[in-house]
Structure formats: structure tokens, C-alpha cells
Amino acid sequence: MATAVEMAAIAKPGGISVVRAFLKLVIACAFGLFAYFSCAWLGDNFYLDWAWIYDYWGLPYPRSGSLDVKSLDAYDSGMMFFTWMPLLAAAFATMMLRALPSGAVPLFYRRTKRQIGRILAWEAPPRRFWVYWCGGMSIQDVLVLGFVAALNIYYCWHYLHYYSTYLDHFEELGIVLPQSKALIMVEKAGLTFGIMMWPNIWLLFLPIPQSSFLQNLTGLTYAHMIRYHRWLGHITLVVLSVHGWLYYIYWAISHEFWVMFTDWAVDSSINYLAGSISYIFGLILWCTSLGWIRRRLFEVFYRFHIVCFVGFSLFAYMHYSWSWTYFLPGLLLYAVDLVLRSGQLGQTTLITGAAVDDEAGVATVQLQVSQAASSCPLKEVFLMVPSISRWQWHPISIAGSEPDPATGGSTLTLNIKHYGKWTKSLLEHLQRAEPLPLRVSAPPSNGHCEWKGCEAVVLIGGGIGATPLLAMLREMCRSRLDPKEAAHVPARVVLVWACRNPREFCILDPELLTAATASDGWLTVELHSTKMVHTPTKPVPLDAALTSEGTFARLDSPKEPASIGNGISSDKPISDTSSDTTEVKRSNLGSPLFHGFARVIQPQSVGFWHLASVYLLVWAGAFFGTSLGAQYVAEHNTWLASSGNEYSMDMYYKLATIQFFTQFVMALGLPYLLAVFPVHMWRYWKAARGSSSELLPFAPPSRPTGHGRGCQMVGNLLTDGSDSHIELKSGRPVVRDAITSASKDASAGATVGVFVGGPEVLTHQVQLEVSDINQYACLGGGQGRPYLQFRVVTHSL
């Protein structure tokens, strides 16, 4: 269904381009307003310039009568206007941009945009240091960190200068200070670093949603956004530590440490003990998020991250009752993400295809999706298998997506390697050849194909990390067959793939092998085994090797092993998915909503208006939650004004505790109950009314098809069972040679995409090689060379 904006744009020739330009202007103004407020509200004239908000936008408390008590005062309303509304406006404008077809773009605009993108991607020196310390530091990264640093420096300078001038003014008037100026400035510095939590918390939570309009707007991947989240987390915890320790030092020098440290909102409206508890939660979260713990003890990181985040936020609210003003802007986007995911998490699906290779320790898994495959499909999904763990969600890269003509949806193929306890348990479940229920969170695709606009593409993979590279290669192969998309496909593609265990190459499907051995030379595949490749002493004819007894069998045989290797044993027939087994005991599904049958993976949102309503209801829920919690302080102030009782300091932390729960319950509950739950229940009811292509039989996984139908290893040959085969090479590939050979025929100034997936050692090596080649061309040593666009497609959380 077309949106109103799209209908208006279609009504006039060239209207689409005008509307798109207007929407981009709205986005720029929204972020400009957000950036303006982050600095301007510290100035003395800010409240005068925006008096039309601060004089009239308070929310009166109706039970106060003539006392004119406000439940939400003008400062609360101002914070909502300047920090909430710009994000909502930018989100709506971005969604409209995605709904509109692309308009005519001037050539100079495309060239300028491309040049700006290349400048932002330029690696800052010293490259080797940055690459090995934090994965590289591009000009874009420098600008992001520079903006954060500038905000912190401005806040710090502004308040320290203000307090110092204020104290000097007292001394000039001859007023004796209760303490020395130096000691007072220690306390004021601690207060300043507490105020600096505003810009840092504002920015900290913006990158964390798995699906956010910011990813669609910027083109950044979720992994890149999480990278910024980690950097901002370090900065935030450093600022928070300085804030806390300056106060501890001040209390110690003033001989009032234990009195203030243990104060639970008795002597001050600030709950100091709650602040220390929040800081302890933050320290534990910080320590358990370090790289070596995150990689080696993922369960420790995962569980502590959730628990400590809740503890840090709750006690920060209790420490300072206005903390919601810097927590909520970013958390509102996260609330949208949680609400959308919750609709999928209530649905149970089944693995429809599975194969396990014990020797390689790799499983090929296939899932059914209700949405049709696009030219730029999903990049990853999050899996939760109740029979293994009801709490752990694991991100898995998608190896391929292909249309399913029978259902009108698509089939996702995943390649999962045995690395830890969870993956080991998953492979063991698959080997039993039993029905395996699971829940899947599938973020929507951002619709951005990274390889589009590249004249040539080089794919460099290491081990199972090459899975997303195979997905990109399959996207390009499918687009070549589509007349509308064929013009955007790179003219030449090279895949260089190195594995320690040669059997990992078996996840390469026959279609890609056929394309690699075709006479047109469009695709070149180089397979390297880093350990010795077994070569038979006597050559064995390929047909004889394929028909001999053992693991291998012809792909067209009527009876075929259910696995690539020795995992799901026996040559039993493939499961008959057409059998009438849709009636399933609820206990077998592990569905949180007690659904009686399994279905294909459901979409997070079912269209533009559905997604827009979720955004609007999240913002409305947060407003209602804030207003509802504020009724407590309004009633308290009304009672004080009418009874003449003394003012109570503990009112503020109680207010903050109430608002913590009312805000998050309303921000999550309102959109879920009004927009997400009814839509998914309607789809479930519609499927339950009769036969539906979304229903899945409760049956063991069948043999994978399409992308999941892997090739086979025969000696040092990878073959699909026909005459097409690729010979494996021993040793590691020479990365620079692979890049230069693929880009030698590219035209001057063209873009050659270099995508790498694998361990950090490989990605760092490729990143440095690409930076060196680009620098050589830029300095004049390689006029006429193409530009190498580097991308990492595998990341660690």
C-alpha cells in the first residue's frame, strides 16, 4: 500500500525527487535541533529564547485546584521537545524515504557523495597501531570521537569556568567561603562530571538497537554501530568514575565520607548511596564487557550485561530523579527494537533442513521465512533454542537466501561451526534427526547491497567466517539472472577462501561451483588449505570416487545420506514434509504464548503504517509513563501546600523509582498491546483457520536444498558430483596478489569492493594491504588505479 507521501510524489513529474529532498532536509533539521540543544541549553539566554515552551508547556495537576501544581513542569516538557521529538521526526522521515522509489539524482551529487564516502573511509595514521588496537580508525571514526570529545570538553569547561567565576565573585564581595576555594572546586568538578553524563548517556544508547532507522539512514551495519557503542561505553564509564571518585575525595578531605556515602536521601535530594550502587553496577558491566571476557566467557558477559544494565539504570534514577532526561532519548529507539522483536519471540518455528559434517564440525541449517527473498536479504539472525537454553540468543550470519515457490516466502541457509558449549549442543540435537523447535529474531534488512556500485569485487574469507561472503556471492549470482538487477552486478568477482580443514569448503553449493568453472570468467574461486591437502598416489576417476562406498553419494540419487559427513547417520529417506503432522503438543514447541503449532519466521513489522504506529506508540507510552509517575510528586506537593507539612528529601528518589517502572512499562507495553500483539495474533488466527503455507509440520529436518546443498571433497578436489570441480591449493593465499589481480582490469577511479570475513588476523592483514594500496594511488604512484573499498563482514560482539 502506497503512503500518502508516495501518492503525492507520483502525482507530478519529478515530484519524487522534490519529496526526497524535503525529507532529507527534515532529517538534517532534526539532528541539527538535537545538536543545538546539546550545547545551547547551558547558556543563560536559552530559556529566554525558548520562553514560549518554558512559560506555557507545563502539565497542570488537576487535583491541585487553585494551588496550580504541575505534574510535569516546563523543564520536563522542554527536554521532551528537544531530545525526543527530533529523533521521532528523523525516524518518520527515514521510513518515508525508504517507502519512496528512487528519484533522478544529478551526476555531480552522486560524484560528491562518492568522494565524501571515500574521504570518510580513509584510514588515519598510524594505521598499524589503530588496526591492531581497535580495528582501525577511519576519518569517520575520528569525526565521531571528535564530536563526543568536543561535547565533553565544552560541558567541562563551561561549568568549571562558571563555578570558578562564581566563587571569585564571592571573594571580591568579601564573603568568607565555608571551605577553601580549591576544596570547593573539587566538589564542583565532581558535580561537573556528573552533569557531563547528559551528552554521554544521550549518545551511548543510540547505537544499540538491532533494527533502527539510524542504520537505514547511515548505511552502517549493526556490528559497526555496536563498535561505536563500545567506544562510547568506555568514555561514559571514565566520566562516571571521575564523577564518583572526586566526590569520594572531597568527602574524605571534609571528614564526612561515611555520612555522605551512606546517605539515603536524608540530608539531600540526591541519593548518594544509590549513586554508589549504580556506579558499582557500572563497573561490573564495564569489566565483564572487555574483549577477552566477551570472547572467552560469552555467557558471563551476556548475563552480567543485562543484569548490570538494569541495576545501573534503576539506581541512577534513584540517585538523581531527573536521570530519565538523558536515559530515555536513546532507550526509546531500543524500546522500538524490543517491541518489534517481542512479536517474533512469541512465535515458534522449526528447522526444516539440516546436515552435519562431523569431520569439519559444521552444520548446515535451513529455516523458512514468510517474506520473499530480495536482492539484498538479511545479513544475520538471532537464534534461541529452548531445549538448549531459554535465555541465550546467538547471532548467526546468513549464508544464503532464496525464494520458496511453494510458500511465496524464502529459505534461509545458515552455516554453524562447533566453537563452544551452545554450538556443540545444537549440533548434537541436529544429529538426533528429531524435530527441533526454536525462536528466531530476524531484524529487517536495511535494503543496502554493499557490492552495488563496485566495478569488481574481491571476497577474502577465512574458515567459517566466509559465510557472509558466500551470501553476497549468491546475491550477485541471482541478480545476474534478473534483467532489472543485472546492470548493477560487478563485472568481475574473485573469491579467495582459506580453511584449516578442507571439508569446510563443502558448504559451497553446486551453483557457485558451476559459475566458477564457467567459460565467461565472471567468477574466480581460489580455495586454499592451510594444512596439507591429501592427494591420492594414484589418480582415481571422479565418477568412480563419487560412486564408491563411503560418505559421498550422487546428488541425484533416490536415497541420500541426511548429512554431508557422518553426523546424521544412516541412509534413511528424506523426511516427508507433506505428511499431516501439523497438530502438535504444546509442550513440544516451548512457545511462550502456548501456540499449538509452529510457523515460518514472521516479520517484525508488516508495512510502513505498522512500523510508524509502533514508533508513535513507544513515544506516546514514554510520555504517558513519565506523566503517570509524575502524579506522585504532584500529589505530594499538593499535600504539602495544603497541609503545611515539612518538605521531605526522600520524595525525589521515590518519584524516580516510580517513573523508572511506569516509563518502561508504558513505553514497551502500550505499543505491544495496541500494535504488535494484535497483528501477530491476527496472523496466527488466520493461519489456524485453515491450511496455510505458513504452517510447518512437526517433523525432523529434511535434507537441505538449494544453497544448503553443498559440494563434496574427493581427494584435493571440490566437486558437485559432475565434471565441475576446483582443485585445492596448499598454504595461505597472498592477499595483495589477489586484490591486484582482481582490480587490474578496473577502470581509473572505479570502485573495487574488498570484503573480508574471518579471524581478526586476516581482517587486519587485508585492511592494512588495502590502506597501503589506496595511499600509494593517492600519492601519485598509481595514477589510473581504481579505489579499493574495504568492508569487514564478520564481527565479534
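Even glycines carry a Cβ here, placed using N, Cα and C.
TrEMBL lists 21-43 (among others) with the feature transmembrane segment.
Within the chain carrying the transmembrane segment (81-109), a Cβ under 8 angstroms from the stretch's Cβ atoms is held by residues 2-3, 5-6, 9, 14, 16-17, 19-20, 23-24, 26-27, 30-31, 33-34, 37, 41, 53, 57, 202, 213, 216-217, 325, 328-329, 332-333, 447, 608, 611-612, 615-616, 619, 622-623, all 6 or more beyond its ends. The annotation transmembrane segment is assigned in TrEMBL to 81-109 (among others).
Summarising the annotation, TrEMBL assigns transmembrane segment to 130-155 (among others). If one looks beyond the transmembrane segment (130-155) by at least 6 residues along the same chain, the residues whose Cβ comes under 8 Å of a Cβ in the stretch are 38-39, 42, 119-124, 192, 195-196, 198-200, 203, 227-228, 231-232, 235, 239, 760, 763-764, 767-768, 792.
What TrEMBL records for 189-210 (among others) is transmembrane segment.
Residues annotated as transmembrane segment in TrEMBL: 231-250 (among others).
Cβ atoms under 8 Å from those of the transmembrane segment (270-293) belong to residues 230, 233-234, 237, 240-241, 244, 247, 260-264, 300-301, 304-305, 308-309, 311-316, 318-320, 652-653, 796 of the same chain, restricted to positions at least 6 beyond its ends. The transmembrane segment annotation in TrEMBL covers 270-293 (among others).
Per TrEMBL, the feature transmembrane segment maps to 300-318 (among others).
Taken from TrEMBL, the feature domain 'FAD-binding FR-type' applies to 338-450.
The region 'Disordered' annotation in TrEMBL covers 558-582.
The annotation transmembrane segment is assigned in TrEMBL to 608-632 (among others).
Summarising the annotation, TrEMBL assigns transmembrane segment to 652-677 (among others). Same-chain neighbours of the transmembrane segment (652-677): 264-265, 269-271, 274, 313-314, 317-321, 323-324, 328, 331-332, 335-336, 338-340, 342-343, 610, 613-614, 617-618, 620-622, 624-626, 628-630, 632-633, 636, counting only residues six or more beyond its ends whose CB sits under 8 Å from a CB of the stretch.
Under DSSP, the residues of the domain 'FAD-binding FR-type' (338-450) split into helix, strand and coil as follows: 19 helix, 43 strand, 51 coil. If one looks beyond the transmembrane segment (300-318) by at least 6 residues along the same chain, the residues whose Cβ comes under 8 Å of a Cβ in the stretch are 271, 274-275, 277-278, 281-282, 284-285, 288-289, 293-294, 324, 327, 391-392, 653, 656-657, 659-660.
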